[in-house]
Amino acid sequence: MANVQQGQKDKIVLAYSGGLDTSIILKWLQTERNYDVVTFTADLGQGDEVEEARVKALNTGAVAAYALDLREEFVRDYVFPMFRAAALYEGYYLLGTSIARPLIAKKLVEIAEKEGAVAVSHGATGKGNDQVRFEMTAYALKPDIVTVAPWRDWDFQGRADLETFAREHGIPVPTTKKDPWSTDANLLHISYEGGILEDPWAEPPAHMFKLTVSPEEAPDQPEYVEVEFENGDPVAIGGERLSPAALLAKANEIGGRNGVGRIDLVENRFVGMKSRGVYETPGGTLLYHARRAVESLTLDREVLHQRDALAPKYAELVYNGFWFAPEREALQVYIDHVARSVTGTARLKLYKGNCTVVGRRAPRSLYDKDLVSFEAGGDYNQHDAGAFIKLNALRMRVQARVDAKRTQQEVARV
């Protein structure tokens, strides 16, 4: 519980969305924990009205309320560095929720320092990954910070208790029926979890999706788009140079109208359970495939394979909340060094949910047409291949001889 000294309450900074749950948390922190509450609402491109949330926080009792436009910082300093790593969690998930949490938590800590707050708080439940991501970041940046997680601490037994508390404290409770799933959105994706989606056999309803049209309803003609990269990052799409946030938004628009970027998976949470998530990541999907196409021309084979070997670990670190851990930062140094060579253009063909690479070019391409040609010439002498093969097969030939000798000895004993 917050302390009261000489009439002054301790301050706490709350990650506030403006929704019912975080409004209840705001009031609960005031009434049950005796904090002065400062709220922080991040604009990550989710489409919500952040200024409206700021005003609502003040009306609900916050002593101060921050609303910050973090779209460019989010894409430039978090999404794009992660893209350079070709990170996919468990082979599918482009980490749209995971990568947003360290930035939100970082701003919570910065505001706490500015306001002289002793604690930070969030609305993540005690069963999910977000509680870990928020709090790991907070501790990494400010080791002595106090974290308060109401969903782990309060005595409410269910939604009915929460709504009763809200009404008792003048917090409006929506009367319209809530969607039977939860969502989280930012410029990179929208996620859908819980409710009817907890049955892994149940197909998501068509009306659930917001960023993408159904592949069946996508245009009957393919759309082609070119994506340009410089030193590892996308800088232009469709011939238009854009800022990081604007480029990702444009990629979302292009991919979304072609039904690209839907995935449905069961993933392994860091806290130990499996959960089903449905994601829309149209722009991220386009940029992932485009980048891999340019990398295929510009990266040395062993460098590419080494980077790809590190990618699952990098993705795991992001997913589990270790963005500010030294091992993730060390990996980033190598990944950024590799990415310096990734300059070029990829051409994509989008058609009814499919994203296919149909062209790639690069000014410093390692692809040598003369070398791979079936015609004679170039620096490659086909006669050398025989010796190359024999040398690489040497250990297997030795193993085969040893195995054959052992088999003969076993037969002789019989």
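Backbone N, Cα and C define each Cβ position, glycine as well.
Y279 is the only one of Y139, Y279 that Swiss-Prot places in the L-citrulline site (with Y93, S98, N129, R133, S182, S191, E267). Among the candidates G123, G126, G128, G158, the residue that Swiss-Prot annotates alongside A15, Y16, S17, G18, G19, L20, D21, T22, S23, A42 as binding ATP is G123. Spatially, by CA atoms, the binding-site residues G19, D21, G123 include one closest to S98 (L-citrulline binding site), and that is G123.
According to DSSP, S23 (ATP binding site) sits within a helical segment.
Take the Cα of E267 (L-citrulline binding site) and measure to each of the binding-site residues A15, S23, T125: the nearest one is T125. Highest local Cβ density among the binding-site residues D21, D130, E267 belongs to D130, counted as other Cβ atoms within 10 Å over all protein chains shown. Note: the CA-CA distance between A15 (ATP binding site) and R133 (L-citrulline binding site) rounds to 13 Å.
Residues Y93, S98, N129, R133, S182, S191, E267, Y279, recorded as binding L-citrulline, reach a greatest CA to CA spacing of 19 Å. Shown are the binding-site residues S182, S191; of these, the residue with the fewest other Cβ atoms within 10 Å is S182.
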